Amino acid sequence: MAKGKFERTKPHVNVGTIGHVDHGKTTLTAAITTILSKKFGGEAKAYDQIDAAPEEKARGITINTAHVEYETATRHYAHVDCPGHADYVKNMITGAAQMDGAILVCSAADGPMPQTREHILLARQVGVPYIIVFLNKCDMVDDEELLELVEMEVRELLSKYDFPGDDIPIVKGSALKALEGDQSDIGEPAIFRLADALDSYIPTPERAIDKPFLLPIEDVFSISGRGTVVTGRVERGIVKVGEEIEIVGIKPTVKTTCTGVEMFRKLLDQGQAGDNVGVLLRGTKREDVERGQVLCKPGSITPHTHFTGEIYVLSKEEGGRHTPFFNNYRPQFYFRTTDVTGSISLPEGTEMVMPGDNVSITVKLIAPIAMEEGLRFAIREGGRTVGAGVVAKIIE
């Protein structure tokens, strides 16, 4: 049977479930696909189909992730759910599944637990912009006051990590009851309330093509009589012939003009997000540009050396280090297309970092990189990946 054609008529939004183990993330995911597919079409997925999440690799790290999709009246959602806590940590840090918003699942019977807290912190660190709460297992709590107490706790926890705890939509329900077709307030109607909250609270993400132009430079050539050409894949935005652009990173920032865009040996008047192009630069010498720099819209991104980040350190089984590392560890940081050496400072009270851990760190690079919060990187030793990370805050 052929899969239904993917209709691009509705805007596309990426979401995922986060929260403590056994609070009902996978059951909720199954309930959403089951109930929304009845009303808007799409494919219902059973719990065990989602729970048997396939392995995938992101930046050399193996992650188990289940991908489902569903529709609401106004949108198409791609939704990720992970079976284990470690998978969430890896997923969020590597950005394997970028989330425009997250659904925090919290059991009303248990209240916030350690991983509830950790996932909120991770969401903050890796730049998940919006969180919606599904207060699950409400059928197990008879006391209305207890429900209110748990809701208050969750709101306080969100505020503590700089999310707008007072304004975040909290939907009360029971994913299991909804899956069973229960029509009471906490059954199927709760899933529709959640869908409405997703539609109204998470803004439609800006498309890559509408963002300011950025192209990570992969190669540089000199073409006699024409000048210098840099090649790479346009990450976002559009570059038009005749536009002023900047070369940022590694060396001092310089301005130049795009005098030509080439794709598959054909001349174009512009290159856009997703295109693999060659960009001809006016008056730029071959030796003034190198792999690891970026071409960008002037002023849209700046070079930095000093930042805080959240990293996941590969375990020995994943091909990572066999031993811990300590303060002032100096690996290479692989940003976009190149390695830059940097030193790591660990948080106070953290003596060392073991393979398989995740930790907040401060990094000082020996050369500046075009950087913004949310940028992903790999940590490498002699060309082999030993960790993955994301820029949380730029210091300078």
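Glycine residues also receive a Cβ, built from the backbone N, Cα and C atoms like all the rest.
Straight from Swiss-Prot, the features:
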- 19-26, 81-85, 136-139: GTP binding site (BINDING)
- THR26: Mg(2+) binding site (BINDING)
- 10-206: domain 'tr-type G' (DOMAIN)
- 19-26: region 'G1' (REGION)
- 60-64: region 'G2' (REGION)
- 81-84: region 'G3' (REGION)
- 136-139: region 'G4' (REGION)
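Secondary structure of the region 'G4' (136-139) per DSSP, as helix, strand and coil residue counts: 2 helix, 1 strand, 1 coil. Sequence-distant neighbours of THR26 (Mg(2+) binding site) (same chain, 6+ apart, CB under 8 A from its CB) are THR17, TYR47, ILE50, ASP51, ALA66, ASP81, PRO83. Neighbours of CYS82 (GTP binding site), defined as other CB atoms within 10 A of its CB across all chains, total 25. Secondary structure counts, DSSP: the region 'G3' (81-84) has 0 helix, 1 strand, 3 coil. Cβ neighbour density within 10 Å is lowest for HIS85 among the binding-site residues LYS25, HIS85. Look at the Cβ of each of the binding-site residues GLY19, ASP22, CYS138 and count the other Cβ atoms within 10 Å; the largest number goes with GLY19.
Within the model, the region 'G1' (19-26) shows a mean pLDDT value of 94, rounded to a whole number.
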